[in-house]
Amino acid sequence: GIAGATTGGWNSLIASPSRGGGGMGERRADLFAILGPSGAGKTTLLDVLAGRPSPGHVITGDVALDGERMSNSELRHVSGYVPQDDVLPGTSTVWEHLMFHAALRLPGSVDRKRLRSVVWQTMRDLGITKLAHAHIGDAFTRGLSGGEKRRVSVATELLTSPGVMFLDEPTTGLDATNAAKVVDILAGLGALGVTILLSIHQPRPDIFRLLDRVLVMSSDGRVVYSGPSLDAEAHFESMRNVPRKPEAVNIADFMLDVVLSADDDDIDAMIDDFEKSDVRANGRNMTHTLRVRCEDGDGGGDDDDDGDDAAATPLTKYVASYPRQVRALLRRMVRNVRRHPFLILLHFVATGVASLGLGGVFFAAGKDTGGIQNRMGCLFFILLYLALMSLSSLPVWREDRLLFLRERSNGAYGVNAYFTSTLLFDVLPMRVLPPFFFGLITYQMIGLNEGDEDCLAWFVLTLIVTNVAATCMCMAIGAASRSVASANAIASLCFLVAALFGGFLLNKDQIPRYARWIAAVSFVNYGYEALVVNEFADNPRTFTLTSGWNSTTLPNEVPVPGEKVLSTFGFHVAEVSPDVAVVCAQAAFFACASYVMLRNAERETAPTWSGAWRACARFVGECWRRRYLVEKRSAARATTTTDEEESMLPSSEFTVAYDSDEYSSDDDDGEEEEDEIETLLDEAPMEPDATPSADETDEPAGDAPGDLHRRANSLLHDIDEEHAVSPHDGARNAAVAPMALRLLRDGGGSP
C-alpha cells in the first residue's frame, strides 16, 4: 500500500489493500485512479508519490510504501513512471527500443538470452508482439498509433518488474476505443502483482468499472473522497448539499460536476463529511495496520524477504556501467543514422563539391602579389566554410532533449554517458572526416606549401581542430539557448565577430587596442594564423611583390621570402604548434561548457546561464570540499585535539549544505556557528541507549550523544517559541544558532 503526505493535506489518503482480503504473502494489485478537474494538482500529487517532485515545490510529510517511509530515490528504484506524453525514439522498432532499455536497466548478470525472454514476455503481457518489428515513427517515418505508443511506454517501465506503476493521464489524446484498451491492459497487470496508480480526467463508465479505488480532488487540490470506487456513489449521495445522481449520468461525470459547481463552503462541507465517513476510517485503519506491520518487521511483502539485507544494500542510480551505457547509445545512434543518412551524406557531398570547386577556382595559385592574396584568401575561406558547416551541431542537444531527460530520469543512463556518446558520434563522422578529405583535395589542387610532408599534416590537423572547436562552441550555444532559432542567431554573430578579428579582414597590427581581447579569444584568429604560418614560413618558394606602375628607378618585382610576407600582414609567429594548442584548449573549454549546460538540464525546459553558473559553482565547491576533507583527515591523524570546546564536535568529518534560495545572512559568525549546531544534530546518534564510553568518543563523559541530540533539539524548539520564528526561516538560522551553540557549550539547559 502507498500512503502520501504532502503540502495540501494529502495525508494517508492513498492505500491499496490486497485483492480479496488475501494474506500477507499476496502482492497488492489494485488499479487506483486520481480524478479531478484540470488544474487540481493530479499530476503534482502523482509526481510526489512517484518520487519525482517538480523543482520549486515545497513538499512536507512522507510517502510510505507498505507502511515504510521511502525517499525519492527509493521510490524511483521500486516503481515505474509513465508520463502523459509518449517520448520514444522514432527510428527504432519496438523490439529494439525494449531491448535497449532491458540491456541498460536490468542487472548485468542477466545474459542476452534471458533479456530477450523478458522483453518477449513483457510484449505478450501488453499485447504488442505483432508490433515487434514495427518502427515507432517520427517526422520522417510513419509508425505506431497513439494507443500503441502508450502500450510501448508502459512496456518500457514494466521491464524492471516494478511493484508500483504511476501513469499520468494515460488516456489523454486517445480515442474511446484505444483508451478503454489501455486501461483494460493496466487492470490486467494485477495478475502480475503490480499496483497501478494513474491520474485520469473524465473516465467513461466502462473505464470507471475497471478502477478499484479512486481519489477525487477539488479544483483547489483538496481531497473530497478517497476509497473504493464501488462506494463512491453511495458516499456522494450521503453528503450534505449534494443532489442525487441522475440514473443516466456516469458516476465519474457526476463527481466532477459536483466539485466543479461547488463553492468553497460546499467543498469544506464535503471534506468534513469525508473525514467523518466510514470510508475514511477504513483508510486510516488500513494505513495504521501497514505501519504496524512494518514496525514489527513484517513489511507486508513476501515472507522470505530479508529487510535488513535490503536496507543495507545501497541503491545505485544506474544499473549499467558507464562503458555499457556508452556502447548502447552509440549503437542506437549508428542505427538511427543508417536509417536517416541524409545529414551525414550532405556533409560528405558538400565537402567533396566545395573542395573540388575551391581547388578549381584557386588552382595552382601563383607566387606573385596576386598569388599571395589568393593563397591567404583561400585559407581563410576554407576555415570559414568548415566553421559555418558546424552550425548543424546547434540542435544536437535539443533534438533528443526530451528523450534524454525521460530516459535519464528512468535510470537508463546518465549525463556522462549521453554526453560522451553524442560528442563522439557528432565529432568523428562529421567534424573529423570531412575536413580531412577537404584538406587533402584542396592542398594538392591549390599547390600550397611544397616543403616537407609535415606541412600537409599540420594543414589537415589545423582544419580538424578548428572545426571541432567551432562545433563545441555551437553545442554550448545550442545547450544554453531556448530555441534553435535563437541559437542560430547567436552562433552566427559569434562566427562573424571571430572572423572579423581572424587576421584576414583586419590587419593584426591595426586592431584597436580596446578590441584586441576579441582577437585573443577568437578561435578563427588562431586557426587562420596557424594555416598562414604553415603556408609561408619555411616555404622553399620565393614570393614576388609586383608594382602596378612602370618606373625607371624602382624595380617592378621585388623577391621576398615567406617570413617577410607574414610580418607584412601582422603575423609574428614562426611556429604552428602554439596556435593549434590554443585552439585545442578552446575546444576543450567549449566542450566543458556544453557539458555543464547539459548537466544543468534537470527539468524539461531550456537551461539558463544562471543555472549553468550555479552548476559550475557546485562543481568547484565540491572539489574544494573534498580537498578540505582530505587535508582535515590527514591533520586529524597527525595530531590529537585536547581542547574541551572542540571535544564537543564529532570526530568524523561533516558537511552542511544550504539551498541558496532559502538561506542568506550577512553574519559570517552566525553562519559558522549555525554549521556547528546543525552538525551536532546530524551526527549525534538517535538511540538513547547507544552511548559510547568516554574513551570511545571525543565528547565529555557526562554528555551522551543521544542526550546531546535531544538537548539541542529542545533548545532550538524553545528558542523558536520565544522568538516566534519558523525553523525553516533562513534569517532564524543565523540568529538563533549562535545562542543555542553557546548554551550547549556552557552546559545550559534552557535559553
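Count begins at 1; order follows the chain as displayed.
Backbone N, Cα and C atoms are what each Cβ position is placed from, and that goes for glycine too.
Predicted automatically and left uncurated, TrEMBL annotations should be read as such.
Because the structure is a prediction, the values reported are computed rather than measured.
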Per TrEMBL, the transmembrane segment among 417-443, 579-605 spans residues 417-443
The transmembrane segment (342-365) touching the transmembrane segment (455-479) per 3+ Cβ pairs under 8 Å rule: no
Which residues of the chain, 6 or more past the ends of the transmembrane segment (342-365), have a CB below 8 A from one of its CBs? 371, 374-375, 377-378, 381-382, 385, 389, 392, 429-430, 433-435, 437-438, 441-442, 444-448
Looking only at residues six or more beyond either end of the transmembrane segment (417-443), which have a C-beta under 8 A from one in the stretch? 322, 325-326, 329-330, 333-334, 337, 343-344, 347-348, 351-352, 354-356, 358-359, 362, 378, 382, 386, 389-390, 392-393, 396-397, 404, 408, 456, 459-460, 463-464, 467-468, 471, 475, 591, 594-595, 598
